[in-house]
Structure formats: C-alpha cells, structure tokens
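Notes follow the structure.
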Amino acid sequence: MAIKLIALVITICVASWDSAQGRSLRFSTTPLNRYSFPPHFDFGVASSAYQYEGAVEEGGRSPSIWDNFTHAFPERTNMDNGDVAVDFYHRYKDDIKLIKEMNMDSFRFSLSWSRILPSGKLSDGVNKEGVQFYKNLIDELIKNGIKPFVTIYHWDIPQALDDEYGSFLSPRIIDDFRNFARFCFQEFGDKVSMWTTFNEPYVYSVSGYDAGNKAIGRCSKWVNSLCIAGDSGTEPYLVSHNLLLAHAAAVEEFRKCDKISQDAKIGIVLSPYWFEPYDIDSESDKEAVERALVFNIGWHLSPLVFGDYPETIKTTAGNRLPSFTKEQSMMLQNSFDFIGINYYTARFVAHDLHVDLSRPRFTTDQHLQYKLTNRSGDHISSESDGTKILWSYPEGLRKLLNYIKNKYNNPTIYITENGFDDYENGSVTREEIIEDTKRIEYHQNHLQQLQKAITEDGCNVKGYFTWSLLDNFEWEHGYAVRFGLYYVDYKNGLSRHAKNSAKWFKHFLQRSGKPMPLDLFKSVKNWWSAIPMI
C-alpha cells in the first residue's frame, strides 16, 4: 500500500509539473499517440512534383516524360493530366499551413528535374526561376517549423533526355543524374538534411517498361497493345541497373559535398508489398512468398547491402540481367544511410507452373500468380469493396519490417508512404468522403503494427509519412482515386477541405496543451491499477 501511495504522489507531481510546462502527459488514455513512439520519431506527409505542382509551362520548366505520356495517350491516364494538378506551385504557402495545422514534423516532396535543368543536363544551363521556387518552398517549410524531406527523382525525367538517348535505358543517364544530384546538394544542402535519390525503382521499371501502364509506357507489344515499342524481358532489368548505378553516383556526390551538414542522411525509397501463401498447406506457395519478396525487395536492396543481385534473380533472368563490375559493386554496397519503405497493401501468391518461356518478361520471370483471395476465397483484408485499388493489411507492415531486419541487417528505415484510397465513381458525396472513417482506421491500425515492430521486435524505424497531404493526380488513375488527408474539390477552384483523417492526425500528433482533469484522473487511475498492492 505504501508503494501505491508513493506512486500516486509521484504521478500527481509529474502531472502538475508537466501541465505547468504547457505540455500534456507523456502517457495517454488513448491507445496510441505521438508519445507511443521513440523520441524524435518523424511524422510527416508526402507528395511529388508532377502529382502536385501543376504550372507545367510556367517558370521555365520543360516537359517531362509524364507531360508527354498524358498528352500523347490520354486514354491511359483516365483522360487526366498534371498540367494544373492541385496547383501546389501557386498555393504552397497555404498548403504548408495545412501541414502545420496537423502538427506534422516533416514534408516529403520531390524536385522536378525539368524545372531545374530544362534540358536535363547541367552543362546546358540552370533554370534560376525553378531553383528559386524550391528555395522558397524550403524556406517556407522551415519558417513554419516543418522539416523538408527531399526526393531527387520521382518518375518525371525531362523528355529531352529520353528523346536524346532513351533516358534510363542508357548508361549515359548515370552522369547526368550525378550532375543533377550534385547541383541539388550544393543549392539546397545547407537547409535540407533528409534526402532520397529515387522513389520506387520497382514501380518505375516494371510499370514503365514491363507492363507499360505508366510513363514511359514501353513494353513488348504482346503484353500491352498500347505500347508502341519496348522489350518486357530486358528493359526493366536494364533500367533498374542504370538507376542503381545512378543512385550510387549521387550518394558519392552527397558524401563529399561541403554544403551537406554532418548529420544529413541519404537513402532510396522502395515499395514492397507483403505476401502470404495462396495455399497455407502448399510448400511451393510458401516458397513463392520468398521468391516474391526477393523480386519486390531484393532486386534493389540486395545490391545496396551485399553488392550484387540475389541469386534467384540472376538464375531466372540469366543474361537478360546486367552484371556489376567489382568497382560498381563496391560503390553500391552501403550507399545509403536509411531505406525508405512505401507500404500500402499485401497479396496472396501461388507458384505459377504455366510460364511461356518463349515470351520472357520480368513479371513471368517470377513464376508467381498474384491473387486477391486465398484458396478458401478469403480476401487479404476484411475490406472487400471491389472498387478498392489497395487492400488494408496492417499486419503485413510489421511482417515486412521484420523480414528486412532479419535479412538485410536491420537498416534504419523510414515509412516514406502509407495511405488509403477512395475510388470516386460519382456515387459518393463530398460529405461522405470527408467523413473518412476507413482512412482513420487504416492509419490507426498500421501505426499500431508499426509501434509493435519498433518496441517489441526491435525494428529500426525512425519515421512515418502518410500518402498524401492532398488528393492529387494518381498516375494512370488520374483524379478518380483520392489518397489525401485533405479533400480537393476539382470542380470548384481546387479548394481544400479537411477530411476527418486530417483532424484525427492533428489530435494524434498534438504536443502541447494542458491535460483535462478527466484525462489526468484516468492517467493516475491507470498507474494506480498497474502497481501491485503491498
């Protein structure tokens, strides 16, 4: 009993002192909040240049491959494009206020290569107006207490480089990207401490060069009749190979740039799913899970950790997979301070016995069938809405983080994207979308699994970014899919409206404010009940 009385006194004293400092208690009656995570854990929202900025013909910007793709093949992007997008170029100051309003720590955005170097080449000159835009953006973020988290390349290479030499199909891209990255470090490095080189090389290589459903829209004709040219059996491997070498070249520049602070970090952003066996009793389906993870993660992470591609991919792809020289392998190995993980969903996988070897392509090299249901007909998620693009499977995030921890030496990780989609088919009102209950549940459940991965499993995760701040241009889906914490009214001047998920994050991330008496009572009660009677 004496110990309980002492504990009660200590609790009340701590509560009173904390309240006097203008802070709420570090423990909460809610299941989860900011203080459920380690000190200095980074919470933020994510975006990208083409999906947000608009102003494609303003400020000296030249066309990117996405400008060309959306205008040449509008039917492949829902008849939409990023010409205006959500007009972030003109509205960034107001949008930064929205980030601050939610108590976010950081804002992840990408640099438009064609806005900074219109020809793609540093030797051809710099667009000063484009550089100034990003300097203004960075300054505005810092002024509002928000940390800039910069991605150098998010899929929007200048069209000029593709016209000249095929962009990432050519090793010439390595030096052009090196020069672009070095310029960015020199111009912005004194105010930016968190950098990533590339966003989702898997999606960029596979969707752009195997399936052809995203820019640059290349693939074998038999894969997608809309593709004008391409080779789905070789080009995805070649593009990722050159991309990895460009990444390593950029990291070399980062580590010798005198404008970069000593505590600055650089990484790359990967986008793996988690996988479960289609048939839990099938050994071949269990092996298929490992193979899926090797192709989805190991293809790009193994070279950075171990200096080479996984043996599984080398065996399967054979001479269609380029090889690294010894020097390149050494340059790649450990060329990161952290790994960004974009996690959204999971799939069931089964071993595929029926692969047409006469028509090689990256997707069939995996010898996998990706499925939405398992053998019993159960979905990976209880969310069985047929309009969903992504299915909620929070357990997959924890499993994925543990897989990376165990297989790749527990690297520092940031969850650089995690988000929930609403498909707008015209049958849902704005009010219903803003209610946003499912998005709140999605983030809450994923944060719970993330917290367990950190505190119970020892996964080295340092931050969590939601996709996205605003509804925006979602690539081949155009504006029909909404991921934002803020609703964008595309029919009424692109006005922004907070969804309930934005309000939920504001509460979840709250740092200050005196605790209410009821909260104080409940917190004391929780401590009291947790201490054994003596």
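For all residues, glycine too, the Cβ spot is worked out from N, Cα and C.
What Swiss-Prot records for this protein:
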ACT_SITE  E200  active site, proton donor
ACT_SITE  E417  active site, nucleophile
BINDING   Q51, H154, N199, E200, Y344, E417, W467, E474, W475, F483  beta-D-glucoside binding site
DISULFID  C219-C227  disulfide bond
CARBOHYD  N68  N-linked glycosylation site
CARBOHYD  N374  N-linked glycosylation site
CARBOHYD  N425  N-linked glycosylation site
SIGNAL    1-22  signal peptide
Separation of alpha carbons, C227 (disulfide bond) and Y344 (beta-D-glucoside binding site) (Å): 28
Among C219, C227, the most crowded of the disulfide-bonded residues [Cβ within 10 Å]: C219
Residue from C219, C227, N374, E417, N425 whose C-alpha is spatially nearest that of W467 (beta-D-glucoside binding site), among the recorded positions: E417
DSSP-derived class (H/G/I helix, E/B strand, else coil) of C227 (disulfide bond): coil
For N374 (N-linked glycosylation site), nearby residues of its own chain (Cβ under 8 Å, 6 or more apart in sequence): E276, P277, Y278, D279, I280, F348, I380
Cα-nearest neighbour of the residue listed as 'active site, nucleophile' within the listed recorded positions, N199, C219, C227, N425: N199
Structural state of N68 (N-linked glycosylation site), classified by DSSP into three states: helix
Cβ atoms near Y344 (beta-D-glucoside binding site) (within 10 Å, other residues, all chains): 24
Distant-in-sequence Cβ neighbours of W475 (beta-D-glucoside binding site), under 8 Å, six or more positions away: Q51, T77, K214
For the recorded positions Q51, E200, N425, the one whose C-beta sees the most other C-beta atoms within 10 angstroms: Q51
DSSP-derived structure type at Y344 (beta-D-glucoside binding site), helix or strand or else coil: coil
Mapped DSSP class for W467 (beta-D-glucoside binding site), helix or strand or coil: coil
Rounded Cα separation (Å) that holds between N199 (beta-D-glucoside binding site) and C227 (disulfide bond): 23
Rounded distance in angstrom between the Cα atoms of N425 (N-linked glycosylation site) and N68 (N-linked glycosylation site): 26
